[in-house]
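For reference, TrEMBL has these:
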TRANSMEM  15-37  transmembrane segment
DOMAIN    29-327  domain 'G-protein coupled receptors family 1 profile'
TRANSMEM  57-76  transmembrane segment
TRANSMEM  82-107  transmembrane segment
TRANSMEM  128-148  transmembrane segment
TRANSMEM  176-197  transmembrane segment
TRANSMEM  271-300  transmembrane segment
TRANSMEM  306-329  transmembrane segment
REGION    368-392  region 'Disordered'
COMPBIAS  374-392  compositional bias 'Basic and acidic residues'
Amino acid sequence: LNPHGMRGSRFQVSLTSFLMLELVLGFSSNLTVLVLYCSQSNLVDSVSNMVTVNLHVLDIIVCVLCLPLTVVVLLLPVGRNLALLCCFHEACVTFASVATAINVLLISVDRYDISVRPASRLLTPRRAALLLAAVWTVSLGVFFLPFLEVELLSAPAEGEEQGGNEGGYHTELAGYYHLLLQVPVFFTTVVVMLATYSRILRALNIRIGSHMRKSQPTSPPPLSSAPLIGVDGAAGPVPATVGVHASVSAIIALRRAVRRHRDRRERQRRVFRMSLIIISTFLGCWAPISVVNVLILGLGPSDRLVRLRLCFLAMAYGTTIFHPLLYAFTRQKLRRALRARVKKRVVSLLQVDPAPSGTVIHNSWVEPRKGRKQRQEGSDATDRCLTDAVRE
């Protein structure tokens, strides 16, 4: 994995820089989301927020543990016995891939449950807690698979480096049997995601159609020219105000119905875009490494496939950056909490640091009404005089 020459050095520098960028962005974004969730108690008040927070905790673990270890493996020196380190790296990769797939699958099921069965949800808080415990149990269980397979299946010849080659990373098939678990988990998650989001879109279309049939806007009733029958049985002309009020009420109802229809259509398009982006992101990040895993299982590992797998592993780590954007910052409550926190921070900085020349800084966030009043009074002295005269 560490070939000599300029070409190998460029590969190492480029991939290491990319991994470090993912580490910084992924850790900072997920940590920001967790801080916002912890600071606002009303954010973690539903099953959806519970499974989302669980995904961000996993992403932070991946950024702290898996990403730095991949960088170390990428920069391994040549000619050392690195079987334990390579095995630990494979364990971390297995943990990251299986745990990410299961968490994304759980989020898809939760969105299906809340969209298709909003009245009688299957994922209650108790069941969600049990599912999350099962997710972590399975994720920690698959972490030990590479160690077990190396202990049970690997039988290196005497004098060879266990699990190593001249490049520092093992290319023995006995070190990759754990891929038999990663590949089915990935494809199962993709199938479940496609099924759940398609059902969500279908349910949304049916709901919009039923609402449109129930609240179909009606045209305003025509103004009748028939005489109005009074209480005493005498006929009289129709008051003009009755027809005007009926027409105005019908027009207002029609406008409200059109506005509701536009809002539903916009919500439908937004859900469709988000569903497409979520599925495409998961496929774009984890499909390449899954294909390489299938090739390794079918053709056997080689230096080229191992290097290609590291490149696609760096792509898979990109989900640590996309998950906060797709699952956290799309929520209105979290965006509002982030804006409030940033606003509070900026206001505190402006209040602590006065101007060096003693000039008073009028901040519209701190004193919006007072600042507006001062600007208005300072801009037009004539209006102020007129106001004082009226008061007197």
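Please read every residue number as a count from 1 along the shown chain.
Positions of Cβ are set from backbone N, Cα and C atoms, glycine also.
TrEMBL entries are annotated by machine, without manual review.
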Report task. For the transmembrane segment (57-76) and the transmembrane segment (306-329), decide whether they are in contact, meaning at least 3 CB pairs lie under 8 A, counting pairs 6 or more apart in sequence. Result -> yes
Query - Result, the transmembrane segment (82-107) in contact with the transmembrane segment (176-197) (3+ CB pairs under 8 Å) - result: yes
